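**Q** I'd like to ask you about the structure that follows.
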Amino acid sequence: MNRVDYLRISLIDRCNFRCQYCMPEGAELDYILRQELLTHEELITLLKEVFIPLGFSKFRLTGGEPLLRPGIVDLVQDIASLPATEDLSMTTNGFLLSSLAEDLYQAGLKRINISLDSLNPDTFQTIIGHKKANMWQQTWLGIQTAYEVGFDPLKLNVVVIPGVNENEIEALAELSIHKNWHIRFIEFMPIGNPELFSDLEEIRFAGRAWVASEEIREKIRQKWGLIESNIKGNGPADVFKIPGAKGTVGFISQMSECFCDRCNRMRLSADGWLRPCLLNETGQIDLKTLLRSGISATNIRDKVAHLLTIKPDINYKQRDSGNDTGIYERTMSQIGG
């Protein structure tokens, strides 16, 4: 089992998109009240007094949409300035990024992942669940701006949805050829949303829940060829290059290939729940309640340390326990991805 040194921190469960694999339109979502979110000060306290002493040094800010979090630039600056912070990154949908990219970069954000599931504005609108015009164009502007201000390499996350955007695999992979962009293809994972896209004829026709990474790789391999890359990130992606490309293509295969032995992370939800595994809901700790009840940082740290010792069992032996019935208590937007 890898050393666990990477914490994904969800800052907010709200989003300005309604991506169908994350928070589908029409679903009843109980948003966290603002007073139930971990505060700026509570987050910094947990990092300084609990996680960093336990060896965590890599932090990723997620959501919901993290750029909706009030004071996001100040929070980035405070986390980046912690002496133990080796890497600080963010996953965003990019819609608000054009006006914030420069400030985030100057505040100390090292890396950024931007969700881009389609190059077709109409398909993009379908996936994000919005009818408002120019959503794709604004997102694309955010991507270009982030690259221009210094986020180089830039990572683009693509959730491949059968019958919806799988016909764009080659076009999206091609983005890695001329710029130092890392394209990450992610297997569709219907956590908390068992009816995802069930009303779309394309999905019914496709007759499958996800497109396996090997199938995606083969499409790219047949067009250009693929070679293994010596660039490795902090996550579970298997990374390759199109020969001669400036960037890379990576594959995150949480549905078709078990990578529990490479897991190096935990997840902290916006309301303070620490989750050791994405695929099940065993062993979670309510850190916010402990903190607000006056429990000492030492005591909280001991509880997290114990969770770290049992994490391998949770990853391996209980890997599928969160979906025995096909139902998760939380959607991806609430977990933080």
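Using the three backbone atoms N, Cα and C, a Cβ is placed for every residue, glycine included.
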**Q** If Swiss-Prot gives Arg8, Arg60, Thr91, Arg265, Met266, Arg267 as binding GTP, which of Lys155, Lys219 does it give for that site as well?
**A** Lys155
**Q** In angstrom units, rounded to an integer, how far apart are the Cα atoms of Met189 (S-adenosyl-L-methionine binding site) and Cys22 ([4Fe-4S] cluster 1 binding site)?
**A** 9
**Q** What's the CA-CA gap between Tyr21 (S-adenosyl-L-methionine binding site) and Arg8 (GTP binding site) in angstrom, rounded?
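**A** One finds 19 Å between the Cα atoms of these residues.
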**Q** 10 Å Cβ neighbour count around Gly64 (S-adenosyl-L-methionine binding site)?
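**A** So the number of other Cβ atoms within 10 Å of Gly64 (S-adenosyl-L-methionine binding site) is 27.
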**Q** Between the Cα atoms of Cys22 ([4Fe-4S] cluster 1 binding site) and Gly64 (S-adenosyl-L-methionine binding site), find the distance and write it as a whole number of Å.
**A** 9
